[in-house]
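Here is what TrEMBL says about this protein:
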| type | residues | note |
| --- | --- | --- |
| TRANSMEM | B:26-47 | transmembrane segment |
| TRANSMEM | B:81-102 | transmembrane segment |
| TRANSMEM | B:114-136 | transmembrane segment |
| TRANSMEM | B:142-163 | transmembrane segment |
| TRANSMEM | B:175-197 | transmembrane segment |
| TRANSMEM | B:217-239 | transmembrane segment |
| TRANSMEM | B:264-291 | transmembrane segment |
| TRANSMEM | B:303-324 | transmembrane segment |
| TRANSMEM | B:336-353 | transmembrane segment |
Amino acid sequence: MSVCARDLRLRLGRAPILHGVDLTAQAGRLTAIIGPNGSGKTSLMRVLTGELAPHAGEALLNGAPIARQRPEMLARRRAVLPQQSALSFPFTVAEIVRIGLHSLAAGEAERGALIRAALAQVGLPGHAGRLYQELSGGEQQRVQLARALVQVWHPVGEDGPCWLFLDEPVSSLDIAHQLAVMRLAEDYARRGGGVIAVMHDLNLTAMFADHVLLMKDGRARAEGSPAEVMTDRLLSEAYGCELRVSHTPREGVWLLPQGARLAG
Amino acid sequence: MVAVDAPRDRPEGDRLEGDRRHVGRVLCLLLVLLLALVAILSLGHGASGVSAPRVLADWLAGRQIAPTDRIVLVDIRLPRLLTGILVGAGLAVSGAVMQGLFRNPLADPGLLGVSAGASLGAISGIVLGGMLPAAILSFTGWHLVPLAAFGGGWLAMLLLYGISTRRGRTSVATMLLAGIALAAMIGALSGLIVYYANDSQLRDLTFWGLGSLAGASWTKILAAGPLIAAALLAAPFLARGLNGLALGEAAAAHVGIRVQRVKAVAILTAAAATGASVAISGGIGFVGIVVPHLLRLLTGPDHRWLLVNSALLGASVLVCADMVSRTVIAPAELPIGIITAMIGGPFFMWVLLSNRRVIDL
């Protein structure tokens with residue numbers, strides 16, 4: 001079971017954003033989409049989640065065209081963590097996470113238990129009663145992650161794997177929480193679910209991704225395992241700066257921009 | 001059914017912290033009691049001095065009820081009470097729905113062009129109505145102004161909805177801006193008609209704009225009641241959709257909410273309730289902003305209780321305001337719009353000032 005993009009083309013207004021992108025993300029793996037700003041990562045994500053309709057090409061989720069799935073059914077198969085979330089009213093954390101249960105047929109006891117479990121997973125147990133707007137940016141991002149998690153709590157549903165789409169899931173987090181969230185995503189994939197994440201941190205990508213799509217100017221520049229895609233040449237060319245991939249015995253792959261100084 | 005495989009740190013059934021629905025439930029009960037109390041008071045008070053409890057006691061005891069008492073209670077106070085309940089509930093629920101849709105605590109159904117359109121309709125009815133053929137006038141009779149107000153409100157709303165909907169998707173931002181442009185155009189047209197009005201028509205116009213329940217009748221309730229009642233019944237079905245919209249349209253769609261359907265139903269609901277309310281009672285301001293805001297302070301923004309409680313509190317508030325309006329300078333009447341504005345204006349200012357931090361961002 002997979003999420004597939006077949007020659008996706010997208011225009012926003014008159015501007016072409018995606019020029020025929022292909023991607024095959026398998027369930028059970030963490031797929032990272034990387035690339036410089038404006039390369040079309042988030043737009044690709046918005047097509048894959050069904051938010052935008054491509055003007056050509058096709059996006060499939062577990063073999064079925066995403067555009068033709070009913071919103072409630074789609075909501076049970078995939079959840080989305082957006083890049084940023086603005087909230088208009090003072091909801092509590094529990095009320096926000098509960099919104100993720102919209103399409104779920106579950107009793108009140110299960111709903112409460114799911115909300116508690118998800119908040120514990122993102123490291124915010126005991127925050128249910130807090131007002132969302134009073135939390136820090138990083139905490140808000142983790143609340144949104146909990147909301148996405150309750151929506152597809154079981155990585156494998158009755159009709160196939162469920163999918164987590166994460167758009168820059170660690171952008172507002174400190175390093176400890178970055179690792180915690182990436183481990184959570186990795187664990188979701190290990191248990192049979194699919195994870196597709198837009199990533200800016202190449203080191204975290206190298207540590208956690210099983211499959212990488214490198215984008216540049218609305219095109220897929222390379223797709224494959226991290227070892228295949230994250231090479232000096234491909235990365236330097238895509239990002240337009242000199243990047244060196246180091247292989248260290250303890251940390252594995254590690255990336256440093258040329259000339260970076262860590263000490264002194 | 002869903003089984004949760006994560007450990008539970010609390011016994012099942014324990015209330016989740018941050019879940020304020022129980023507060024909403026308790027408040028709902030209190031508001032029902034409040035409305036009942038206010039309704040009894042309203043029936044019992046009036047310029048004529050007829051005592052509702054005494055009449056009720058007489059009726060229960062099987063004694064003869066004086067015809068004048070009966071007329072005062074059944075044909076004057078009761079329709080007026082019901083009109084107050086319908087209009088108050090309708091305006092408050094429309095306000096809450098609009099605030100959820102526009103994701104702004106200061107939004108009101110005026111943004112849909114309903115109020116401006118209804119005002120143009122009423123002005124046209126009052127000033128130009130006399131020029132209509134006698135056949136039409138005899139058919140519409142006293143209901144010409146309410147009918148014109150209702151028609152004007154709906155025309156404006158449909159126009160605005162059409163303008164801001166492209167390829168089956170309504171843009172709330174376009175609606176907001178186009179609404180300002182439309183209101184300006186409608187205002188100009190209204191001004192033009194007002195310019196040609198004579199003195200007595202000007203007086204009628206002014207009083208229409210201040211709002212009043214004095215014209216309440218069983219006929220009007222039968223005409224406007226079903227529309228407002230339908231809107232009140234539809235509103236609770238919007239609750240979860242509006243909650244989702246608080247996260248933005250994209251996030252709402254991601255959790256499985258049919259966003260366009262929620263938007264369309266919200267707009268129709270608010271337009272039906274507001275259009276019918278304005279038609280039978282004129283311009284009554286602030287109920288739609290004050291009531292939902294007050295309830296949000298008490299139970300939070302979760303629409304599942306907010307909408308129901310808004311209807312109940314809105315009804316009580318308007319019935320109270322009407323009691324003041326018809327007793328404070330009895331036997332004359334103060335337009336109810338003056339009273340709601342007198343209370344609502346300072347409240348609105350307080351809301352603005354206490355939200356200054358958010359508004360200034």
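Note that Cβ sites are derived from N, Cα and C of the backbone, with glycine treated the same way.
Keep in mind that TrEMBL annotations are predicted by a computer and have not been checked by a curator.
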*Have the transmembrane segment (B:81-102) and the transmembrane segment (B:142-163) got at least three CB pairs under 8 Å, pairs 6 or more apart in sequence?*
no
*Report yes or no: does the transmembrane segment (B:264-291) come within contact of the transmembrane segment (B:26-47), defined as 3 or more CB pairs under 8 Å with a sequence separation of 6 or more?*
no
*Taking pairs 6 or more apart in sequence, does the count of Cβ pairs under 8 Å between the transmembrane segment (B:114-136) and the transmembrane segment (B:336-353) hit 3 or more?*
no
_Dominant neighbour of the transmembrane segment (B:142-163) in B:26-47, B:175-197, B:303-324, B:336-353, by Cβ pairs under 8 Å_ = B:175-197
*Report, as numbers and ranges, which residues of the same chain sit near the transmembrane segment (B:26-47): CB under 8 Å and 6 or more residues beyond its ends.*
53, 72-73, 76-78, 80-81, 84-85, 295, 298-299, 305, 308-309, 312-313, 315-316, 319-320, 322-323, 326-327, 330-331
*Sequence-remote contacts (6 or more beyond its ends) of the transmembrane segment (B:175-197), Cβ cut-off under 8 Å?*
102, 110-113, 116-117, 119-120, 123-124, 126-128, 156, 159-161, 163-164, 205
